[in-house]
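Quick look at what Swiss-Prot annotates:
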BINDING   S9, F10, H17, G88, L89, R90, E98, Y123, S124, Y125, L126, S127, S128, T129  ATP binding site
BINDING   S9, K41, L73, R87  substrate binding site
SITE      H17  site 'Transition state stabilizer'
Amino acid sequence: MKVGIYPGSFDPVTFGHLDIIERSAKIVDELVVGVLNNSAKNSLFSLEERVSMIKEMTAHIPNVRVGCFEGLLVDYMKKINATIIIRGLRAVTDFEYELQIAQANGVQNPEIETVFLTSSLNYSYLSSTIVKEFASYGGDISKFVPEQFIDRIYAKYNITR
């Protein structure tokens, strides 16, 4: 059984993330969306909120489950028996960074393969940072995130629509 992991902070989760998740789920038997708990980082959403939002958004995909981890990805992968890392690429700058990380992970565990998926054209510009920037000013984020998350995101900035 091929178990893959799509790791990230997903703060907040976007249509770009969903695009990668849906496409990744077609190439592995089981896909774990691994939500990183980085206590050194100030997240907009708590770990529990991020996990909950991803579960909501991926409920229609039977071979996807959501987990969370802190520390090294390669250590978490051993725990869940995953051998494939899925990474989404938006631009050349993403590739340069992700290639270095993939090589470092391969040194840690040579059985790990990293698969790069280019983002769909509709989402090649999209990031959680962009969502937060627009939301913080009350901008329209309906093209960036699922409808059911919009009010939750605005609420973090004390904004109502």
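Quick reminder: no glycine exception, Cβ is built from N, Cα and C everywhere.
Structural mapping of features recorded in Swiss-Prot.
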| residue | record | DSSP class |
| --- | --- | --- |
| S9 | ATP binding site | coil |
| H17 | ATP binding site | helix |
| K41 | substrate binding site | coil |
| L73 | substrate binding site | helix |
| R87 | substrate binding site | strand |
| E98 | ATP binding site | helix |
| S124 | ATP binding site | coil |
Check your understanding: Which has the fewest other CB atoms in a 10 Å radius around its CB: L89, L126, the listed binding-site residues?
Key -> L89
Exercise for review: If we count other C-beta atoms within 10 Å, could you say which of the binding-site residues S9, S124, S128 has the fewest?
Suggested key: S124
**Study point:** Cα distance (Å, whole number) from L73 (substrate binding site) to S9 (ATP binding site)
**Key:** 12
Review point. For the binding-site residues listed here, H17, K41, which shows the highest count of neighbouring CB atoms within 10 A?
Key: H17
Practice item. Look at each of the binding-site residues, L73, R87, E98, and point out the one with the fewest other Cβ atoms around it within 10 Å. Key: E98
Review point. Taking the Cα atoms as reference points, how far is H17 (ATP binding site) from K41 (substrate binding site) in Å?
Key: 20
Exercise for review: Give the distance between the Cα atoms of E98 (ATP binding site) and L73 (substrate binding site), rounded to the nearest whole Å.
Suggested key: 13
Exercise for review: Please find, for S9, K41, L73, R87 as listed binding substrate, the greatest distance between any two Cα atoms, in Å.
Suggested key: 21
